[in-house]
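Remarks on the structure that follows.
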């Protein structure tokens, strides 16, 4: 699995066990991702932060 890093088109190959790509947004500015990468479990959204997770190559 390969996930984008903070600035596409750059990406990295995910380590073993981290099988999801994710994007993290601040709820206040939901158009600009704050963080991207590989993760093992999709975090829950909170009042301030929203996560978008997916399990295909470079989908974040």
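Just so you know, glycine gets a Cβ as well, placed from its N, Cα and C.
Lifted from Swiss-Prot, the feature list:
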DISULFID  3-21  disulfide bond
DISULFID  14-38  disulfide bond
DISULFID  42-53  disulfide bond
DISULFID  54-59  disulfide bond
Cβ-Cβ distance under 8 Å to residue 14 (disulfide bond), same chain, at least six residues away: 1, 2, 3, 21, 38
Residue pair residue 42 (disulfide bond), residue 59 (disulfide bond) - Cα distance, angstrom, rounded: 14
Which same-chain residues, if any, lie at least 6 apart from residue 59 (disulfide bond) yet have Cβ under 8 Å of it: 3, 21
Cβ neighbour count within 10 Å of residue 42 (disulfide bond): 14
Least Cβ-crowded entry, counting other Cβ within 10 Å, from the disulfide-bonded residues listed as 3, 21, 38, 53: 53
Residues near residue 54 (disulfide bond) in space but at least six apart in sequence (CB under 8 A): 20, 21, 22, 60
